[in-house]
Amino acid sequence: MKTRPLFSLCLAFCSASALAAPAMDAATRQPLNLAAIGMFLVFVVFTLCITWWAARRMRSTADFYSAGGGITGLQNGLALAGDYMSASTLLGITALIYTSGMDGYIYLIAFFAGWPVLLLLMTERMRNLGRFTFADITSYRLDQGKVRTMAAIGSLTVVCFYLVAQMVGAGQLIKLLFGLDYHIALLIVGALMMLYVTFGGMVATTWVQIIKAFLLMVGGTLVLLLAMNEFDFSYDTLVSRAMSVHGLGDHLLAPGSLLADPLTALSLSLGLVFGTAGLPHILMRFFTVSDAKEARKSVLYATGFIGYFFNVIFLLGLASIVIVSQDPQYFEGGQVGGKLLGGGNMVAMHLAQAVGGDMMLGFLSAVTFATILAVVSGLALAGASAIAHDLYARVIKKGTASEAQELRVTKFATLGLGLVAIGLGIVFENTNVAFMVALAFGIAASANFPVLFLSMFWRGLTTRGALVGGYTGLVSAMAFVVLSKLVWVDVFHFSEALFPYTQPALFSMPLAFLAAYVFSKLDHSTRANTERKAFEDQYVRGQTGVGASGATAH
Amino acid sequence: MPSSSPLYARIRRNSQFTELVARRNRLTLGLFVVILVVFYAYMGLVSFWPELIGRRLSEGSNLTFGVVGGVSLFVFFCALSGFYVYRANGEFDQMTRKLIAQVEQEEER
């Protein structure tokens, strides 16, 4: 466990593939899980009904990109929480706590700390300045063509890497949970994702996300209550028994080796905190509510839900140490302490089975499948928006495209992204895709976040600075990840990594900021002066919301 | 699309705007610094004083400094977010509404 790259442990779904990879042979493939498939079908039918309902109301591009701004703060809060609570959080971090104890909890804390930062720095101004995508804000007073293209490229890169990582993880996981073939699993995920997004747009995607977030919290809470029942609902008893059976003993709740290196810990936490503020599918959710007030509320709700769920996960991990690790039926060949059935990431599933029987296992499996669908749909929507709104309507057509034309492009873009995701999912089936999530977060923190942040907070930013800064972040984050152990050793099989850290943010993010600053400062063109002057109006709008896009009425 | 520039210019010149921005920026910056300090203090302890994270609050108790501190962080960040939203959605939004009403009145004159 300790030799695996940090990121494969929790951030991604790809952790499922990384950990479960050795167990991928047909022997460990689960028998067809009928209870799980039944419950999942109910979810699919229900969400397709919502998609049909949403499709009938979808008339404008605003409906497609931002649900017409008609989502309430509470609904959007649940959807935001849903975007953040992926299946990997439930499975990967429960597994991490199961093996390493406290390290898992420290991860959860670092993972959580991005939210108050998002609230303070981004929410209000983003909602006041933007309409559909974060590129609206990056290019607000700068060169529409060049800066928007740069922002859209950053956005699409993040979406693609994240999407492929999710697809590969999803295929492996569904194979394990449902006993379906990998390719069929990919096709199902890809097809449903395309249906939700092309027909239902942001409305359907948001509702899929809301329902899934709700189910995930209910499922987690149920398993927790059933498990805590075995410890008389006493944290003290739980910890005593966990310490008595775990190999770490009394050191179970002391930090382990994963975060021992301060620079790695720092780079990881920077990537998590500021990467969150650069993820396009999270940022575009701010535009689905009517105004800054609702946007703030939605982040507050999301913070609460995520905080609650993360602590549930901590307790689930501790409970599984006692309940799962001593039960021979969860180990290959019935050997306690040997290899877990289905791979390390199955801990949460085994716990559900142990305390709630096959029904609970089926329910949690169905929720996990729903989680994957919801997250890939959000990503596909963010990607389609970057293509249709930023690249097609604003850069290529320069604002002359009609709504109908733009809407048509969103559909083709979604279908294209879906096909790319399925195709790459098949190509990368047997690759360790952990690097893709490191890349997604690294690029989000280094390419998207710095320029977006500077465009809102620093009057000095010019087109030249934004371009150099954005591309510097993009290229350096990619280069650092490729030269790190994640790609150089794990994918290309070189013996030693050229860059010693698996997380690029500590280095690539300051580089991007520095490049944007220096090249803006050195820019003395007349255009740069106009751009600096335009900051004044942008500042007023960002602060007051005067002129901000409102909700469209139906 | 940015609406009329003269309106923005009038808002900018209004003393209420200066006050709103100064007060909200002070609050935002203060809270942001608090978050970073608290969070990196915790991460610093994890890196440089791991024994403390694993230490029990008292002999025989299963509550450790790390977990109690972690739970407090979750609660504190939620409370801090709640506090900011309370101020921003109440006091600051009210100031904004007043400011806009005043500027629009000036415009009519």
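Positions of Cβ are set from backbone N, Cα and C atoms, glycine also.
Per TrEMBL, the feature signal peptide maps to A:1-20.
What TrEMBL records for A:36-55 (among others) is transmembrane segment.
If you look up TrEMBL, you'll see A:104-122 (among others) marked as transmembrane segment.
TrEMBL lists A:150-170 (among others) with the feature transmembrane segment. Packing against the transmembrane segment (A:150-170) from elsewhere in the chain are residues 12-17, 86-88, 133-135, 138-139, 185-186, 189-190, 278-281, 372, 375-376, 379-380, 382-383, 386-387, 390-391, 395, 417, 420-422, 424-425, 428-429, 431, 433-434, 436-437, 439-440, 443-444, 447-448, 451-452, 466-467, 470-471, 473-474: each is 6 or more residues past its ends and has a CB under 8 Å from a CB in it.
If you look up TrEMBL, you'll see A:182-203 (among others) marked as transmembrane segment.
Residues or ranges marked as transmembrane segment by TrEMBL: A:210-228 (among others). Listed by sequence, the residues of this chain that lie at least six past the ends of the transmembrane segment (A:210-228) yet keep a Cβ under 8 A from its Cβ atoms are 43, 46-47, 75, 78-79, 81-82, 85, 90, 238, 305, 308-309, 312-313, 315-316, 319-320, 323, 348, 351-352, 355-356, 360, 363-364, 367, 370-371, 373-374.
Taken from TrEMBL, the feature transmembrane segment applies to A:265-287 (among others).
Sequence-distant neighbours of the transmembrane segment (A:299-324) (same chain, 6+ residues past either end, Cβ-Cβ under 8 Å): 73-74, 76-78, 80-81, 84-85, 89-90, 93-98, 101, 104-105, 108, 111-112, 115-116, 118-119, 123, 213, 216-217, 220-221, 223-224, 227-228, 230-231, 235, 238-239, 241-242, 245-246, 252, 330, 340, 347-348, 350-351, 354-355. Among the features that TrEMBL reports, transmembrane segment is placed at A:299-324 (among others).
According to TrEMBL, the feature transmembrane segment maps to A:359-388 (among others).
Annotated transmembrane segment per TrEMBL: A:409-428 (among others), in sequence order.
Outside the transmembrane segment (A:434-454) by six or more residues, the chain places 4-5, 7-8, 11-15, 18, 121-122, 134, 137-138, 147, 150-151, 154-155, 157-158, 161-162, 164-165, 270-272, 274-280, 283, 461, 465-466, 469-471, 473-474, 476-478, 480-482, 484, 486-487, 490-491, 502-505, 508-509, 511-513, 516-517, 520 with a CB less than 8 A from a CB of the stretch. The transmembrane segment feature in TrEMBL is assigned to A:434-454 (among others).
Long-range contacts of the transmembrane segment (A:466-489) within its own chain (CB-CB distance under 8 A, at least 6 residues past either end) are made by residues 5, 7, 138, 142, 146-147, 150-151, 153-154, 157, 432, 434-435, 438-439, 442-443, 445-448, 450-451, 454-455, 495-502, 504-505, 507-509, 511-513, 515-517, 519-520. What TrEMBL lists as transmembrane segment is A:466-489 (among others).
The annotation transmembrane segment is assigned in TrEMBL to A:501-519 (among others). Non-local neighbours of the transmembrane segment (A:501-519) in the same chain are 5-7, 263-264, 266-268, 270-271, 274-275, 438, 441-442, 445-447, 449-451, 454, 460-462, 464-470, 472-473, 476-477, 480-481, 484-486; each lies 6+ residues outside the stretch with a CB under 8 Å from one of its CB atoms.
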Same chain, outside the transmembrane segment (A:104-122) by at least 6, Cβ under 8 Å from its Cβ: which residues?
9-10, 89, 93-94, 96-98, 255, 259, 268-269, 272-277, 282-283, 286, 296, 299-300, 302-303, 306-307, 310-311, 313-314, 317, 452-453, 456
In the same chain, who gets a Cβ under 8 Å from the transmembrane segment (A:359-388) while lying at least 6 residues past its ends?
13, 33-40, 42-43, 47, 61, 65, 82-83, 85-87, 90-91, 132-133, 135, 152, 155-156, 159-160, 162-163, 166-167, 169-170, 173-174, 177-178, 189, 192-194, 196-197, 201-202, 204-205, 208-209, 211-213, 215-216, 219, 222-223, 226, 280-281, 284, 348-349, 352-353, 406-407, 409-410, 413-414, 416-418, 421
Apart from its near flanks, which chain residues at least 6 from the ends of the transmembrane segment (A:36-55) lie with a Cβ under 8 angstroms of it?
177-178, 192, 195-196, 199-201, 203-204, 207-208, 211, 215, 361-363, 365-366, 369-370, 373
